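*Asks:* My questions all concern the structure below.
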Amino acid sequence: MAKIRVYELAKKLNMTNKALLTKLKAMNIEAKSHMSSLEDDTEARVRESLHGMKNKQADTRVKSSVIRRRRPPKPEPSVTELPDDEAAGSNGAAEEKITTPGPVTGDEMTETSTPAPVKSKIPLKAQTDSTNRPTPEDPVVKATELKPKKVTKPKSSPARVILRPDTPAKEEPTKAKEVPAAKEVPAAKEAPKVKETSKAVNVSEDEVNPLPTKNVELNSGDSKPDGALEEKSETDEKALEKEPTIKQEDTILEDNHARKEVRSVAVDDDDKNLDTAEAKDKKRKKKKVQKRSEPAKIIKMAVPISVRSRNKVKTEATQAPTSPQRPKVHPKPADKGPARAQAHRPDTGRDAVVLPGEGDGEVKRSKKKEWKKKGVGGPGVEFAPKGAPRKRKSVVEGKDLYEKGRSGKKGRRKDGRVKKTKTMKTQITVPKAIKRRIKIDEVIELSELAKRMGIKANEMIVKLMGMGVMATVNQTIDFDTACLVAAEFDYEVEKASVEEDIVLQVQEAEIDPDKLVSRPPVVTIMGHVDHGKTSLLDVIRKSKVATGEAGGITQHIGAYRVKTKKGTITFLDTPGHAAFTSMRSRGAQVTDLVVLVVAADDGVMPQTIEAINHSKAANVPVVVAVNKMDKPGADPDKVMRELSEHGLLAEDWGGDVIFAKVSAKTGKGIDGLLEMILLQSEVLELKANPDSPATGHVVEARLDAGRGPVATILVNQGTLKAGQPVVCGLYSGKIRVMIDDMGDDVEFAGPSTPVEIVGLSGVPEAGDEFVALDSEKDAKQVSDSRMQKQRAKVLAKRSRANLEKLFESMGADEIKELKLIIKADVHGSLEALNDSIMKLAQDEVDITIVHSGTGAINESDVSLAAVSDAIIIGFNVRPTPKVRSMAKDENVDMRFYDIIYNVINDIKAAITGLMPSTFHEVIIGRAEVRDTFVIPHKGLTIGGSFVLEGKIARGFKVRLLRDGVVKCDSTLSSLRRFKDDVKEVAHGYECGIGIERYNDIKIGDIFECYEIEERKAQVEQIKE
């Protein structure tokens, strides 16, 4: 048997779930919730119960005795009225027992239409037509004229049941056509098919509404009265055409008390005494004023009626506008009176009975004041659409509140819903000209540029593709590309004003010639490796620096300050090794004078030529020191001759280059060299301002285990003081300690003074410029700005490199890779190692430096090497025992060096091992076939041959050539000289040669014996 849910049955019966559950409970049918299931017979019982009661309702009518029984002074159950405030609270949801279309019975009319009073027996119809036909101010709905077949369910909670009449009175159904129609608020044309939300009705003692208040869908075009009501509606429609408007005074009752207190009016045609009705009316007014406690919240919502009912109202109003027997209620609030709309019937259910409220007089007045402010109730607008906005309740979605066309009649369809309007497409606002200018750095990410311009990144990528630039969202583009693509979108790009330049320009004071003083010269000693540069400097400084150098060679720049009898000289000792090109270049840039050391017995070497080029590029004068004059094979003329070929012509030969012959071993010529240096510096007129902010260059930098980043700097201008904020390259800090070249702490350093400083935030690069600032905050700002630019450049470089490698590697074999982690003691050595190692990269093997830095090898380096499968190279650094143990556990290879030669040679050996071998063919010998012999029992053909060159030997491959074409490539099966098997046959001898699986040997063929030789790739070794 099929079952049905309670909520489904309620939907079919046009009832709320709560109302149906109440009905089921009254019928002793078990249903716990709206999801409970009901049998078919149960559904039939419910339908029969509801429909049967409705049929009775059409045949009976409430008598006046019922009303008198419902009028106690207190809200007792005997009262059958529900005040407007309670009806408003339910808002039409009291219609618990809404039935399908059918005739309305008297029982149902008695129970559901509780506010409807019994009609009086006064022969009003005989006296005047205005008493049995509602005037324009009569807000009573002629419900029988409305089509009861279109029933709608309200969406609010049902009204509370106060009392069900025990004995509903019976009355002829023909009386229904005499019930006056209610006031029409919205016209049928204005709100077609609008569902009515009935209002609570107050009942006077002598007036009764004979019809139940149902939620009826009112449509002037669709509503048709039943039976005898149709004739009356047609008559009313004709009357409406004759009188289209009603004067305002017709809507006001003569009795002011009746305007204030009476809440509903129904005109009876019963024979009742008018005086008695008026007396009881006044009696009831006092009771209602005392008992009302809540305002009529939905007083403004009116019941829409059909056009026929409206016509009847207007017609009857013109016939007897001032009749004293007309109802004591106004249809709507007038401009002057406190009267309220009376015919707003509540949407009560079958069992609902209206209870009068208390203390609603003040509420009435306040409501009427609001209506007056809104201008409701003027002349000619008795049926004004004041209740139109609230005559139908519905669920409104949040998005509907923001759509246009949601209010007014034009935006509504015939079914009462609002038409959906097309949403407008978002308009792109064009920024002002001043805002179409973007400031960027040297590089910028594509997504960031698109964000600043307010466009989509995809559109920018399309433009770049059209310009021939393949870019991704996260890829960086340079300033020029950004300018071009921004111009496509009518944007202007300019470089951001560098904040650091503004800060640094403030520090740069104008050079005052009066404050300039002479400063010591900065001399850089350059030359080829092992030509005695450091030894010469040791003699000058009277120290033993060279003996402490690993391998006897200098591997980083040393800055020293030497005091002589004639003045102070600052020396910079640079490496002479080929790997330290950048150091020599940097030394030449920060120096005033270059001393080129050349060994008298060795002459000009490659690094000597390089030093000459660096000096010329820096436009620095050169003084040549011919060293090792104490050796037997010393030839200074040879040195002068070779240097003249490179543009350095000695003064003795008519040039301008000073030559000094010295011996670092014996000390010969040292004083003369110093005199020449000071003489040259006087010619240069070297001066500086010690009072200006300190500036200079970083000569060397390293990471000390105990002190942190340590930088060796050379002050060019001004005076550097301890505790002063400085900026060195990408890093900044406050100077904590300053140490001179002798290891002593100093408080200040003047021009041309080399010192070591401690306190920077990181290890700067050698050659970076440093500037002393007044504020540590400014120093940090400049440092952060430089760091940001550096990161952007690195990111752009990586992005381009990745794309280039991707295109190169497409379709190519996998390239082997040697990964390294390099740690060095100073930044200069680290830089030299990186440059030298990267030059060793081959096409078959790529070298990747995963990480490089200064300082000791730590645990993080070992972890990184374990993850990336890299080799750790330590240059002049050693790990701690804990790091060694960790490297052993992680199986990480660590190598330690003190001399750069050994590092480079080992790297070359590793590259050689990774490079694939090549195979070469080596011809061992050739032999010509002079005759052929066939061995029948073996099926072999032997070629009698003569060895033309080389030798023919077993174990090698052999090929047969005929007219230069290879006919066979196989191995020797037989090699004999006469009848003896031999291992090989030398040049000029004859032999018999047989080839495996080949017998087509002819006279004149050539046997060629060869082997395939595997050759390992070789990388040139650096000579120690």
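Cβ atoms are placed via backbone N, Cα and C, with glycine included.
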*Asks:* Checking feature assignment: region 'G1' per Swiss-Prot, candidates 527-534, 631-638, 783-790. Which range matches?
*Replies:* 527-534
*Asks:* List the helix, strand and coil residue totals of the region 'G1' (527-534) as derived from DSSP.
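*Replies:* Across the region 'G1' (527-534), DSSP assigns the residues as follows: 2 helix, 1 strand, 5 coil.
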*Asks:* So for Asp530 (GTP binding site), how many other CB atoms are inside 10 Å of its CB?
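*Replies:* Other Cβ atoms found within 10 Å: 18.
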*Asks:* Let me make sure I understand the structure: which of the binding-site residues listed (Gly527, Lys533, Met629) has the fewest other Cβ atoms within 10 A of its Cβ?
*Replies:* Met629
*Asks:* Where does Met629 (GTP binding site) sit in DSSP terms: helix, strand, or coil?
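*Replies:* SS state of Met629 (GTP binding site) = coil.
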*Asks:* Average the per-residue pLDDT over the region 'G4' (627-630) and send me the rounded value.
*Replies:* 82
